């Protein structure tokens, strides 16, 4: 369906506001799960690695399920998906308050809430892109800060609610707040179509013309009708034989006036069934060709050395860079930092600095004289140094400074689409970005449990953060080395392949 020209304003600004609050309400608790992580450790008494799976699943499931999320938004629209996902997020949070063990939390908080967040991100980005064209970058930048502001506020809010109402009461209240997503979804008015769609009958009749590249229509129809004829005769014989077992074969067809009417009806029915069978075969054949093209383009992407290094870098970055968002509060407690010294939750500092980092790094990426790939590599190297410095921080001030630096560098998510576009070109951006986000979700899911297992093994976070820093540093160096011989080659104008559109969008957790 084709939509009207993007208005770049008007009701679009209402869409921006409600999309901002949607991301604020759905991502606030999952991104600030580090506060709840400490409470779950005390409540269930499980290991840190096992408990960390709850928060890592909530952040990673939405990315891993990106194809499912995009298919739902494309099929049903942004408004229904937002309302349905609002029930998912609110219901998952409320169910988590009744969790008797960690395994229940894996489902209620990790999978249900995580999937709802993935759906909501895809819905908000999709409808914003429909309403904005020339101001699309500004609109997307405004709604993306909703998750960072949510992290900043929910970290302090969940701590206060836990102290007053306990863990169960906190999750119930946060779940009730998430029900406001339903009100936001009701305001997501879809952009009207540019013209009246074809009627169902007209669309069905014009279907063969859309696949005119196949010239075997008449032949396939005749073959299908012949097959139906044979099946029909056999069926009539069986029916007659069952009716009277001693009838002879020549008495199976009665010569009476009603037989003419009886034969005309099956012929019309057989023709319709034959046409439907032909269309199904044609559709399956077309889909199979699209899947072959998709697989071929995926293989061609990985032949690009810079793209292969980029997927390694994003996987290692999320394995090493995501654990601080979940574990920093427990790191402070393990370092014997007194609660009286906590002026602001460390996760709140990370959240507000992530918003600043997204804005400033995005502005730097717009300068023509700055190579976005090298800028991204620089953020990875500085992130690795900050992670390796965490074991040496023994006071709230130093931990707060490191939290701010890590949060700012995590804002490199805003320049990651620039890097991907520079690497594969705008024609393959959606395809390549979907693959990279899948690996990002895998890294988000694995990072915190690995860091928790290191603590369970050594009873200290030192080795865990050394490992995290090494992963991020390794990803940065792999990407840097791959870019030296291939960066100029990737910028050359290659012959454009036959355009192939894959209708899916990508979810993200930031």
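Cβ coordinates are placed from backbone N, Cα and C, and glycine is handled just like the others.
Where the annotation comes from TrEMBL, it is an automatic prediction and has not been curated.
For reference, TrEMBL has these:
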TRANSMEM  12-40  transmembrane segment
DOMAIN    15-487  domain 'Major facilitator superfamily (MFS) profile'
TRANSMEM  52-74  transmembrane segment
TRANSMEM  81-99  transmembrane segment
TRANSMEM  105-125  transmembrane segment
TRANSMEM  137-157  transmembrane segment
TRANSMEM  163-183  transmembrane segment
TRANSMEM  306-322  transmembrane segment
TRANSMEM  342-361  transmembrane segment
TRANSMEM  373-393  transmembrane segment
TRANSMEM  399-420  transmembrane segment
TRANSMEM  432-451  transmembrane segment
TRANSMEM  463-487  transmembrane segment
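Most Cβ pairs under 8 Å with the transmembrane segment (342-361) belong to 399-420, among the candidate stretches 52-74, 105-125, 137-157, 399-420, 432-451.
If you look at the transmembrane segment (12-40) against the transmembrane segment (463-487), you find fewer than three C-beta pairs under 8 angstroms, all six or more positions apart, and that falls short of contact. Over the domain 'Major facilitator superfamily (MFS) profile' (15-487), the average per-residue pLDDT in this prediction is 79. Sequence-distant contacts of the transmembrane segment (137-157) (same chain, six or more residues past either end, CB-CB distance under 8 Å): 12, 16, 19-29, 31-32, 34-35, 124-125, 128-129, 131, 174, 325, 344-345, 347-348, 350-352, 354-355, 358-359, 362, 414, 509-510. Sequence-remote contacts of a segment are chain residues at least 6 beyond its ends whose Cβ falls under 8 Å from one of its Cβ atoms, and for the transmembrane segment (163-183) they are 21-22, 25-26, 28-29, 36, 39-40, 43, 82-83, 85-87, 89-94, 96-98, 120, 154, 157. Under 8 Å from some Cβ of the transmembrane segment (373-393) lie the Cβ atoms of residues 306, 313, 317, 320-321, 324, 331, 335, 361, 364-365, 399, 402, 405-406, 409-410, 412, 415-416, 419, 422-423, 460-462, 465-466, 468-470, 472-473, 475-476, 479-480, 483, 487, all in the same chain and six or more residues away from its ends. Count of Cβ pairs under 8 Å against the transmembrane segment (306-322): among 52-74, 81-99, 432-451, 463-487, the largest is for 463-487.
Sequence-distant neighbours of the transmembrane segment (463-487) (same chain, 6+ residues past either end, Cβ-Cβ under 8 Å): 304-306, 308-310, 312-317, 319-321, 323-324, 327, 373-374, 376-377, 380-381, 383-388, 390-391, 447, 450-452, 454-455, 457.
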